[in-house]
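**Student:** Have a look at the structure that comes next, please.
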Amino acid sequence: MAVPTFVDRVSLHVSAGRGGNGVASVHREKFKPLGGPDGGNGGPGGSIILRVDPDITTLIDYHHSPKRTAEAGGHGAGAHRNGGHGSDLVLPVPDGTVVTDAAGEVLADLTGPGTELVIAQGGRGGLGNAALASSKRKAPGFALLGEPGDELEIRLELKIVADIGLVGFPSAGKSSLIASISRARPKIADYPFTTLVPNLGVVTAGETTFTVADVPGLIEGASEGRGLGHDFLRHIERCAALVHVVDTATMEPGRNPADDLAVMENELARYGGLEDRPRLVALNKVDVPDGRDLSDIVIEDLRAHGLRVFPVSAASGEGMRELTFAMAEIVRAARAEREVAEAQRIVLRPPSADNSDSFTVTETPDGWRVQGTKPERWVRQTDFSNDEAVGFLADRLNRLGVETKLLRMGAEEGDIVIIGHVDNSVVFDFKPGIDAGAENLARRGEDERFEEKRPAHGRRRAIQEAMPERGETETRADVARRLDKPEKFGPKSYTIGSRDDPDWSESDPDA
Ligand SMILES: Nc1nc2c(ncn2[C@@H]2O[C@H](COP(=O)(O)OP(=O)(O)OP(=O)(O)O)[C@@H](O)[C@H]2O)c(=O)[nH]1
Ligand SMILES: [Mg+2]
C-alpha cells in the first residue's frame, strides 16, 4: 500500500494544559509558628495555537498523530512560590488551512504566514491561600483548583493558496508544465490521473515571483464524481487566475482543443465560484508536428473569443517565457487589487475568554440547572473535600445572585440544583440563607488562634446571620440553640446560597 505523503483533511483532538492548583500553606518559622498564609498560585496551562508556516504544505503530521496536548501549569507551593506556566503548543499548518469545529462550523480560515489561531486556551491556575487571604479572613484553609484547559475536536482542511491554478484533462501536460517553469518535480507519466495530490511550484518571471498549483486532471462528469471528481478543485478556489492546459496532440477520438476547453469550463461552472478568475490558455505539446498543426488551426478562433492563448511545449520549453510573463502580469494586477486587504498577523481567539456575570437558571425534570461562565468556572475551581472551599463557592455564587434568582423562580429548600452543562455538572442541595451547620460557629477562613479573644458580639453576629428570612417561625432562642448543637441539623451537604459575605470580595479573583 502506498504511504500517503499529502493529506488535505484531518480531524484533530486538541487539549490545552490544565492550570496548576493553588496551595494552602502556613508560613512557619522558629518562635513564630503561625506566620500567615503563604500558599502560592498555580500556573496557567499551556494553550494550543495553530500557526501558518510557509514551509508546511500538507497536514500529514496530524494524520499520523491526531491528538495534541499542551503542558499543564505547575502547582503552587509554600513560601509564596507560584507554579510555572505550561508551555504553549504551536502546531504549524499550511497556508490556507480552514479550521472547523466538529459540527462543521468554520472557526477560522488561516491564510498568510504567521497567522495564528488560539484554538484551545490553557486552564487558569488556582489561587493559593495567600492570594485568597483578606483582612478579615486571615488564614484561608483552602486554595482554588486549577481549571482544565479547553478540549475540543476540530477539523483542518487545506485549501492551497496559490497565485495560479493549472486545470486540464488528465495527461494534458500540467505536471510537465509546472516542472518546466519551476523547481517542482511532480510525477509525470502518459497514463491518466498520474497526479493524485496537488503540487505547488514557485515561478519567477522578471521581477515577479508567484506560486502555481498543479491539481489532478478533470474529466467530463467530474461534478458527478467521475474520475477524481471535484474534490481537488477547492485547491484552486483561492487562485487569482487559472491556466487551461490543453493537449493539442491527443489521439483520443472526439477530443480537440476547442471542445476540451468547453468541457473544462463546463465543469468549472458546475463547481461554481470561479467565474471571475482571469484565464489563460496554454496549447501544449506543439513540439509534436500534429499538435503544431492543430494549434495553428484553432488559435485564431480562440483568440477571436477574447482568450489569451499561448502555443507551448513543456517538453522543449517553447513558449514558456511568454506564458510565464503573462501569468506574472495577471498576478501583479490581482495583488495590486488585494493590497489593502492584506492582513499582517491575525490572532484569533475563541469566545471562551468570556468573563461575563450573566448566568441562566432553568427548571428541568432533574432539578434547577444553573449555567453561566462564572458559576461553572467556580465549581471547577472548588476542592469539594474542603468545607471552607465549598463555603467560599457558596459565597461567590450567592454574591452573583444565584440564590436570589433560584428563590425568585420558586426553588425551595431541599431542591436539587445542578451547575454546569448536561455532560459536565455538579449537583447540590438547595439550602437558601443558611449554611451547613458547623460553619456558622467559626466563620469560614477564620482561625480562632489569630483572634485575641472572641468578643460577645461575635456570637450575637453569628445568631443574627443565621436568623431565618422574615415570615418564618424560628425565634432568636431557637437559632442560638441550633448554633450550639449543629450536629442536630443532619449530615453536612454541599449547599449553595449561604448568606452574602462582602469580606470575600477583596480576595475574589473574579470580583
Ligand atoms: N511531446 C510532448 N509530450 C508532453 C508534453 N507535455 C507533457 N507531455 C507528456 O504527456 C504525458 C502526460 O504528462 P503529465 O505532465 O503527466 O500530464 P498531467 O496533465 O499532469 O496528467 P495528470 O496528472 O494525469 O492529470 C507524459 O507522458 C508527458 O511526457 C509536451 O510538451 N510535449
Ligand atoms: Mg499531473
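Cβ atoms are placed via backbone N, Cα and C, with glycine included.
Where the annotation comes from TrEMBL, it is an automatic prediction and has not been curated.
According to TrEMBL, the protein has these features:
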type     : residues                                    : note
BINDING  : 168-175, 193-197, 214-217, 284-287, 313-315 : GTP binding site
BINDING  : SER175, THR195                              : Mg(2+) binding site
COMPBIAS : 445-455                                     : compositional bias 'Basic and acidic residues'
COMPBIAS : 467-490                                     : compositional bias 'Basic and acidic residues'
DOMAIN   : 162-332                                     : domain 'OBG-type G'
REGION   : 67-88                                       : region 'Disordered'
REGION   : 445-511                                     : region 'Disordered'
**Student:** Roughly how many Å separate the Cα of VAL197 (GTP binding site) from that of SER175 (Mg(2+) binding site), to the nearest whole number?
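**Tutor:** Computed Cα spacing between VAL197 (GTP binding site) and SER175 (Mg(2+) binding site) is 11 Å.
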**Student:** Under 6 Å from ligand 2 by Cβ, which binding-site residues from SER171, SER175, THR195?
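**Tutor:** If the test is a Cβ under 6 Å from any atom of ligand 2, the answer is SER175, THR195.
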**Student:** What whole-number Å value do you get for the CA-CA distance of SER313 (GTP binding site) and THR195 (Mg(2+) binding site)?
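**Tutor:** If we compare the Cα positions of SER313 (GTP binding site) and THR195 (Mg(2+) binding site), the gap is 19 Å.
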**Student:** Suppose we screen the binding-site residues SER175, THR194, THR195, VAL197 by Cβ distance to ligand 1 with a cut-off under 6 Å; which survive, in sequence order?
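**Tutor:** Checking each Cβ against ligand 1, the ones under 6 Å are SER175, THR194, THR195.
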**Student:** If one measures from the C-alpha of SER171 (GTP binding site) to the C-alpha of THR195 (Mg(2+) binding site), what distance in angstrom results, rounded to a whole number?
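**Tutor:** If we compare the Cα positions of SER171 (GTP binding site) and THR195 (Mg(2+) binding site), the gap is 9 Å.
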**Student:** Counting each residue once, how many in the region 'Disordered' (67-88) are helix, strand and coil under DSSP?
**Tutor:** 0 helix, 5 strand, 17 coil
**Student:** Looking only at LYS174, SER175, THR195, SER313, which of these binding-site residues has the biggest number of Cβ atoms within 10 Å around its Cβ?
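**Tutor:** The residue with the most neighbouring Cβ atoms within 10 Å is LYS174.
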**Student:** Looking only at C-alpha atoms, tell me how far LYS174 (GTP binding site) is from THR195 (Mg(2+) binding site), rounded to the nearest Å.
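**Tutor:** Cα of LYS174 (GTP binding site) to Cα of THR195 (Mg(2+) binding site) measures 9 Å after rounding.
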**Student:** Quick check for the class: what is the C-alpha distance, in angstrom and rounded, between THR195 (Mg(2+) binding site) and PRO216 (GTP binding site)?
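**Tutor:** That separation, Cα to Cα, works out to 5 Å.
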**Student:** Around the Cβ of SER171 (GTP binding site), how many other Cβ atoms lie within 10 Å? Please give the count over every shown protein chain.
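**Tutor:** Excluding its own Cβ, SER171 (GTP binding site) sees 21 Cβ atoms within 10 Å.
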**Student:** When the pLDDT values for the domain 'OBG-type G' (162-332) are averaged, what is the result?
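**Tutor:** Across the domain 'OBG-type G' (162-332), the average pLDDT comes out at 88.
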**Student:** Pop the Cα-Cα gap between SER175 (Mg(2+) binding site) and PRO216 (GTP binding site) into the table, whole Å please.
**Tutor:** 9
**Student:** Using a 10 Å cut-off, grab the number of neighbouring Cβ atoms around the Cβ of THR194 (GTP binding site), all chains included.
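**Tutor:** Taking every protein chain into account, the count is 17.
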**Student:** Test of understanding: give the count of other CB atoms lying within 10 angstroms of the CB of PRO216 (GTP binding site).
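**Tutor:** Here the count is 24.
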